[in-house]
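Features as listed in TrEMBL:
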| type | residues | note |
| --- | --- | --- |
| ACT_SITE | B:Glu312 | active site, proton donor |
| ACT_SITE | B:Asp386 | active site, proton acceptor |
| ACT_SITE | B:Glu414 | active site, proton acceptor |
| DOMAIN | B:31-150 | domain 'Alpha glucuronidase N-terminal' |
| DOMAIN | B:155-474 | domain 'Glycosyl hydrolase family 67 catalytic' |
| DOMAIN | B:475-700 | domain 'Glycosyl hydrolase family 67 C-terminal' |
| SIGNAL | B:1-25 | signal peptide |
There are 2 protein chains.
Amino acid sequence: MKAIIPLKRFAFFLGLLALSCNVYADNGYKLWLGYHAVADKKLAAQYVQQLRYLKFTAGSPTLNAAREELLVGLEGMLSLKPQDIEKPNYSTLFVGVSSSLNLPKNTIAQSEIQQTGKEGYLIRSVTINNKKCIVITAQTDIGILHGVFGFLKLLQTQQAIGVLNILEYPRIMYRVLDHWDNLNRTVERGYAGSSIWNWHKLPGYIDQRYIDYARASASVGINGSVVNNVNANALMLTPEYLEKVKALANTFRPYGIKVYLSVKFSSPIDIGGLKTSDPLDPQVIQWWKDKADEIYRGIPDFGGFLVKANSEGQPGPQAYKRSHADGANMLADALAPHNGIVMWRAFVYDNNVPYDRAKQAYNEFKPLDGQFKSNVIVQVKNGPIDFQPREPFHPLFGAMPNTPLMIEFQLTQEYLGFSTNLVYEAPLFKECLESDTYAMGKGSTVANIITGKFNPKLITGMAGVANIGSDVNWCGHPFAQANWYAFGRLAWNPAQSSATIAADWVKMTFTNQPAFVAPMQSIMLQSRENTVNYMTPLGLHHIMGVNTHYGPGPWVDNAGRADWNATYYHKADSAGIGFNRSSTGSNAAAQYQPPVRDMFENLTTCPDEYLLWFHHVRWDHKMRSGKTLWDDMVHHYYMGADSVKQMQRTWDKMAGYVDKEQFQTVKQLMAVQYDEAISWRNSCVLYFQTFANRPIPAGYQMPAHPLSYYRNRKYLQAPGIGGNQ
Amino acid sequence: MKAIIPLKRFAFFLGLLALSCNVYADNGYKLWLGYHAVADKKLAAQYVQQLRYLKFTAGSPTLNAAREELLVGLEGMLSLKPQDIEKPNYSTLFVGVSSSLNLPKNTIAQSEIQQTGKEGYLIRSVTINNKKCIVITAQTDIGILHGVFGFLKLLQTQQAIGVLNILEYPRIMYRVLDHWDNLNRTVERGYAGSSIWNWHKLPGYIDQRYIDYARASASVGINGSVVNNVNANALMLTPEYLEKVKALANTFRPYGIKVYLSVKFSSPIDIGGLKTSDPLDPQVIQWWKDKADEIYRGIPDFGGFLVKANSEGQPGPQAYKRSHADGANMLADALAPHNGIVMWRAFVYDNNVPYDRAKQAYNEFKPLDGQFKSNVIVQVKNGPIDFQPREPFHPLFGAMPNTPLMIEFQLTQEYLGFSTNLVYEAPLFKECLESDTYAMGKGSTVANIITGKFNPKLITGMAGVANIGSDVNWCGHPFAQANWYAFGRLAWNPAQSSATIAADWVKMTFTNQPAFVAPMQSIMLQSRENTVNYMTPLGLHHIMGVNTHYGPGPWVDNAGRADWNATYYHKADSAGIGFNRSSTGSNAAAQYQPPVRDMFENLTTCPDEYLLWFHHVRWDHKMRSGKTLWDDMVHHYYMGADSVKQMQRTWDKMAGYVDKEQFQTVKQLMAVQYDEAISWRNSCVLYFQTFANRPIPAGYQMPAHPLSYYRNRKYLQAPGIGGNQ
């Protein structure tokens, strides 16, 4: 059918078409929810054909949010405003909780819907009235919200939607972001500006950022947010602040995200006027019960407490000769009537304990197995030291079969180059999750343990220390957003692959063009290993600068505590380098099950990547590569730094595929990353050389400066140190 | 001429037209440079007609920036990509420096072009080859940039462009934003997040925000930026930081903005290893010369230094029994070979000096008149205390005829409600600028003095303490952006009116629709007086909370220094209230010229708005209104608070005219402002009532709580206090 349009008007419309929607470039604020127009026009037309009609009765805040998201996504990607209909006489998208959807009988079996649980969803292609329709359904409103995000992801990643049969449900119950945000808006180990929580303006002013934070987190199934630092300020529990927390909880609730608080164990003293915080003291017990009741009056679905106790100076039960279990259980009892949980951190190490720091958490917590109440989950870092670029999995995994264990990953790159280094962390997460502890025989992976496979009665959880701040692009580096994204994806289902998650994120954030997706996915997948190589190869660890943890500091030997010195960890001497954790050393290896222990114990079976974690190795030790240890170490450092240059070359070819501002941002940051990689390489090679007394092999670029240059550099005002005020 | 377009394709285009360009709402990032589509379609068509062809040869960074801005503006507002042409056979927009424009002889007289000076521009409608053309010209590249912004403003405010004859040039030489930003990214008296300067990532990473900051500032003719706090950190002058400053200078340069630094007077000791910072010491003199040379090697057009000395604990020349002039001149000599200037602040007051704080700066600086080098400008706050909601003009204006004086306004709302209170400050600025000092007879306004009318040999300047931070909307409150805008406009030409500037800003930021512009302009123009009324009416001043300066604190009497106590300033007692600055009191009034002095001195001629600034007045004094002082004060407090409610009612009617997110943001903040206004009203009325011993008159809503409630409130973690670290 032809219509006659005057040329002038047509030209006018064409002119409007030329309208660049963003006269400002892409500043990264929209994360992976930019809902860019679907570039494949043929596919876009197919999508429009299928999605022109919508039956989606909203009503609750969650359903309203889901519907709003769906409409925003369809408008952005397809310029489509679907028509609401009642009767499905056309190809229709049905969205609704199963009990309210009124589909023809047997369209979807009840047994299938039940598999979605409380947060999952089904997306199914069905035929109704001879029309091909799509159904997004779930048992709860929040399942619908997750389903809408899951459906939008199909469009964002240009998937076919003709024959859909998707069942999704989370494998882990508590999927929580931990914000190390202080009340004065500094963020401990935060490299993306200041805290996004504007406490001064709460409760009256709800910043749009809180809503977009909730949207982004819900889009990957995150369902909890601890809004304050584990080095907690007791003021957080005062009525004034609880009003502000309540405002945040109200903002998150439609998105299925519960609010949690880090609590200071000495709060009964600090703000309660008590003389003790002994967890067995009746007044203390009552104080916490009353405080919990107070919180739940304002926030009926408050999540619970996160506790750092008797660690790095934080108060705890041990001052009263009580155990971690005593402390945790007291809090658990206060929260249990309200269905709250306690996440009790196992990150403990004592400078005065005269043995290997890597052994201490295990020694302190394993004996407590089975002593925790059922609503306590012990939160364990992925490795036994502290979020190093590579650590073996924490020996507590598999060692506490009767206790819920929650794994804690660090999204913020405290030891991985802050927000100037592109490091996609999913491979690090997966490396830990897929590690076989052998605790219940082969297949006792960390993932299987923390998803409760071996003890289905236990609650399950995964925590990520957030990398989110006030920077317009939220995370400081555009690619750091991928770690927030990947954490959510893996908390929902730890079996997903790093590669798939990376590809999804790249497509949703930038473009689906294979000429961009493939190389960037490749860069992302390799990035963690690259950084390990130029910072801490072959099992080295904890050799960064003091305090700020910025930059190389392998020479640090005066940090005030032995176990804060780099020298404690690498133990370089004229004979060799590395920490002997075998049976001839600290025997930390023996904290693992025999198959794992033996692998680490034996120099010939210990993987290269853990070599210097478990062994003090001679400089002339012959590595699998055929090189001596010294030569191999140097090679890793140089290869790691060089990989950044290759990454830069790849990125330079990507200019045509991404927004100009984003291109420049990443380009500049990569240049900074390269300088930092060179700095790490040169500092470590030159310093360790003073022990190895061997030359840098021919063919490697000599460092531009002597060791003294690197040792004397001061990095002033590096971010991430904010006193808890 | 008709063209035949298939309906389906037409529908497709229409669908694309339906594309909402911003699937995310307006978050305020674009300031007044959003370049929204011109809503008046007829006018838009006229614009397109006139601007379809462009002759604009760029080339230099500044001209490139100007051209880019022009194209972005035309695309955003008109969906127009003008065609570049060489020969003007059509209606053409010509843009270029006069020497390169090659217009037909006598198109524009050289004498007219010369009036534009170094930063100004001409926009002229001309006829060339019988075609109506527009010319934007200037003598310099930066003049062209200013001209482009000036031209775009015409379109943004939907002005006719048929008969243009605009000549613009700045009346003040140095138009500078002072950022009280610390190196640790806190902002002293900052309420918009943290510092936008990411020192850790400089020099390698230039955040797009720096560029957009420069664009916005250049759009109102700001030409200088002091990037660090006047409570300066000496590290700012170390080589490592100078590299970072250089990167900022390079970023600002195309936009005609010079970088300046606040310097700590003791830097020779702090970072220079010297034992003294005596400005007459040869080593000190040499150190500063060398430091200046070092700075200028990296930044050839570095602006100069801003100095806070011997004020609030900052070091200065007085430790060595030297004068402000000694200190300033020593620095001036170091900068003079490089054409740099010294901005030396006159904000001095000494707790140990036993008389009225309001008199001290005058007493300390007036004797130094004529002693400063020609490249020193003494920077004087608008009033003699410290940026109170209302102050009389600073008595130094007019008192130092032989010295350059630079007026310092405060854009950040330290005493005007932080970023929760809508306060348009242009009326405050104008009130000061239009004050007649009578120093050289009638017409010796502050504006005339600081524009150098009475002594054209003096350099001239205006400074604004910035309200800019890392918040996505830059200033914390959407309407606070108007103060950044207004400051630039008034620094360029102090004669412009608050009303015109407000209307321009509203149109450029939101919409041209009169049903929005008129009420919002009205709200803005009234907002400062409203806030004066609910905080400090009738000449009251300095009665806010301690330290953070947040909230009411009329009872503060233990601040550690007498002149930091509220009681020092209001002196309320059973007889009356107010600070006697007449000849029977501190006689601060006598620091003004006789006509001004006499006006303030006499109770019958002293304007109500300065009454309690200059007089201790009896509670039963009969005011011009016929009410007693007490009743009149109460009336002002209640009227002020009520005005916020009226403002809310007006805003609620504006929902249809603005973006949803912006509407909600302002609505929420107004609700917070209302609570704060009530808090101020009740606190002050109840507290002063304890002295007045009179009832709140009938008809006024009784405060909801007793005085003790307000006195006991603690505002924890209010922003703006960041240790200079």
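Each Cβ is built from the backbone N, Cα and C atoms, and glycine gets one as well.
The residues of the domain 'Alpha glucuronidase N-terminal' (B:31-150), classed with DSSP into helix (H, G, I), strand (E, B) and coil, number 48 helix, 28 strand, 44 coil. When averaged over the domain 'Glycosyl hydrolase family 67 C-terminal' (B:475-700), pLDDT in the model lands at 97.
Compared over the active-site residues B:Glu312, B:Asp386, B:Glu414, the count of CB atoms lying within 10 A of a residue's CB peaks at B:Glu414. Taking the C-alpha positions, the distance from B:Glu414 (active site, proton acceptor) to B:Asp386 (active site, proton acceptor) comes to 10 Å. Rounded to a whole number, the distance between the Cα atoms of B:Asp386 (active site, proton acceptor) and the residue listed as 'active site, proton donor' is 12 Å.
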